[in-house]
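Copied over from TrEMBL:
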type: TRANSMEM; residues: B:6-29; note: transmembrane segment
type: TRANSMEM; residues: B:41-62; note: transmembrane segment
type: TRANSMEM; residues: B:82-104; note: transmembrane segment
type: TRANSMEM; residues: B:116-149; note: transmembrane segment
type: DOMAIN; residues: B:132-418; note: domain 'NADH:quinone oxidoreductase/Mrp antiporter transmembrane'
type: TRANSMEM; residues: B:169-194; note: transmembrane segment
type: TRANSMEM; residues: B:206-228; note: transmembrane segment
type: TRANSMEM; residues: B:240-258; note: transmembrane segment
type: TRANSMEM; residues: B:270-290; note: transmembrane segment
type: TRANSMEM; residues: B:310-331; note: transmembrane segment
type: TRANSMEM; residues: B:368-387; note: transmembrane segment
type: TRANSMEM; residues: B:407-426; note: transmembrane segment
type: REGION; residues: B:437-457; note: region 'Disordered'
type: COMPBIAS; residues: B:446-457; note: compositional bias 'Polar residues'
type: TRANSMEM; residues: B:487-511; note: transmembrane segment
Amino acid sequence: MTAAVLVGVLVAGAVFLIVQRGLVRIALGLIMLGHAANLVLLAAGGMYRREAPLIDQIAAVQTAADPLPQAFVLTAIVIAFGVTVYLVALAGAGTGDDTEESQ
Amino acid sequence: MIATALPFAAAVPLLMGTLLLVLRSPVWLRRTITLGTSTLVLGYAGLLILVTRGGAVLAHPLGLWETSPGEPVVAIPFAADMFSALMLAVTALLTLLCVAYGMVAGDDEQHYFQPMVLMLLAGVSGVVLTADLFNLFVFIEVMLLPSYVLMSMLGGGHRLRAGRLYVTYNLFASGVLLAGVAFVYGVAGTVNFAELAGAGQESTAVAVAAGVLMVALGMKAAVVPVHGWLSNTYPDTSPALSALFSGLHTKVAIYAIYRLYALIYGGDDRFLGVAVAIMVATMVIGVLGAVGESTMRSILTLHMVSQIGYILLGLALFGPLGLAAGIFYLLHNTVVKGALFLATGAVEQTYGTQRVYDLGGVARKEPLVAFAFVGAALALTGIPPFSGFAAKYLLLHASISAEQYGAAVAIVLVSLFTLLSMIKIWSNVFWGPLKREPESHPGGDTETSGTEADSSTAMATGNGSLLQRGTTRTHARAGAPLTHVRLAMIIPALVLTLLALGIGLGAQGLLVLTQEAASGLIDTSTYVEAVIGQ
């Protein structure tokens, strides 16, 4: 439930920021959206299973965390990080923020 | 052996792209590597088509983790069936021709052009060959990242604005896609295509979760009502990239929609009505937008929206007829759209503008370009003997068999509007008196020269080599005054138009292949066995 509420808040904030004009705000919004998606991924693995999933150390498979969503999240974080850096570079390299209607 | 090479179709272009990032000279070696890698992927795709004839599916589990006998294995699956092979072949061919065009048109004077295109190709190979939902997401990102750079690096004065829109929109869609993957994993407990087969029919939760995936992929494929970004971005980049992106990005999203819809929902006809309605709206709105535009590439870009409706209509109808028609349309459209973008791009880059009302009489001066354009335009409209006739006939046949008469009427009417907007380009640009002479500097667009100078000076102070654009760049052969479109610039478009003619004349041959691809999508058991049984 906590995760669901948190995802909802993050997505709402992200959408609010993405529809703004300035690219830095859009970048922040997209970071938040990425966090929301990552949280959904983590929640998909089950929030209450938190033991380290090492084969020779776990007592019961039921309490071990699902390692797959964690690997997914790690990949997704790296991708989101790379793109965010590019987006911020784009904001810095352009002719100021695109705050006026072009044409 | 051929199956083992599946991951390399993505890995080799990726490695070569990385190599080209550091290898700055000589130019001939860079060009050889780029063209050679694209040809290699094309050759491999041809081989895959041969091997997958008759419904065979190749699969390779990457990083296979051996468990005790009888237990399920853990691996990252790659798989290729006829549909993947056809898709890989047509995208590799388009990459080869677009990159060749880019070399002639001066795009590759930007150091990052070739490496980024190769990485783009790597992403495309990955998407069409993967059999894992999360890998699909990763490869879509691999495909998009280089295109963000390319989009902001090459093109007219509005390319930065276009780049921002493009990056923002696609990142948003990627966020939705990632959430969709998470939902599917949460409810189905797997991201393996084989294990997901038919899951949408058995469980409503999976159907809804996969619906999020469909929405995200629909955003990337520019289906109405989320098509607005396409016409605001593609016309602002360089012609070579417009052609490349038109064949790679939206088409690969369409591939993913086909694959996942067929696998997860298994052609559940509860969705038929909604899907047909959305696709018909896409066809109609796209073509109506195209009629109202006044630059060549905006017209073509809005046509893409309309054609995406056609292609996905085949999927919406499902069944062997609809799918075969849709896949045929997908292949035909990739070829024809590339030809149109490259032919008009050659005119634009030689004459210095893409506004249709500023051009005229090009047909008399450039008969070869005119032939390439008119052939592709007739193919797009659906006039025999070009490929569009067979594609539209098949689709019409499929929609009448499925008793979707409204869709059948839309197919015919939208074709008329397609013809109307093609005539708009033809009569203004190619017909009539000659209004404009070729520019001395190929590759520049005078249309936006004012803003272009502004932005390039502003950018020169910023991060130099990445975003700087050479308004002052001179082409190797720009010294001599240009009187015609250079032959080397026409050849890629000409090859594609002739291919469209070939597909039109030998439609039966391709139809057999697309029917095999369609039956592979309907009966997924071979695919599932190949992926799981490793």
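Any Cβ shown, glycine's included, is placed from N, Cα and C.
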For the transmembrane segment (B:116-149): best-contacting stretch of B:6-29, B:169-194, B:368-387, by Cβ pairs under 8 Å: B:6-29
Winner by Cβ pairs under 8 Å against the transmembrane segment (B:6-29), considering only B:41-62, B:368-387, B:407-426: B:41-62
For the transmembrane segment (B:487-511), distant same-chain residues with Cβ under 8 A (at least six beyond the ends): 93-94, 97-98, 100-101, 104-105, 324, 328, 331-332, 335-336, 338-340, 342-343, 345-346, 349-350, 366, 368-369, 371-373, 375-376, 379, 384-390, 394, 442
For the transmembrane segment (B:206-228), distant same-chain residues with Cβ under 8 A (at least six beyond the ends): 133, 140, 169-170, 172-174, 176-177, 179-181, 183-184, 186-188, 196, 199-200, 249-250, 253-254, 256-257, 260-261, 264-265, 268, 278-279, 281-282, 285-286, 304-305, 308-309, 312
Positions whose Cβ lies under 8 angstroms from the transmembrane segment (B:310-331), at least six residues beyond its ends: 83, 86-87, 90, 221, 223, 251, 254-255, 257-258, 261-262, 267, 269, 271-272, 275-276, 278-280, 282-283, 390-392, 394-395, 397-399, 401-402, 404, 407, 411, 414, 503, 507, 510-511, 514-515, 517-519, 521-522
Close approaches to the transmembrane segment (B:240-258) from elsewhere in its chain (Cβ under 8 angstroms; 6 or more beyond its ends): 83, 87, 90-91, 94-95, 98-99, 101-102, 105, 107, 117, 120, 124, 127-128, 136, 140, 143-144, 147, 150-151, 154-155, 214, 217-218, 220-222, 230, 234, 297, 300-301, 304, 308, 311-312, 315, 323, 326-327, 330, 333-334, 337-338, 341-342, 345, 521
Among the ranges B:41-62, B:270-290, B:368-387, the one whose Cβ pairs under 8 Å to the transmembrane segment (B:407-426) are most numerous: B:270-290
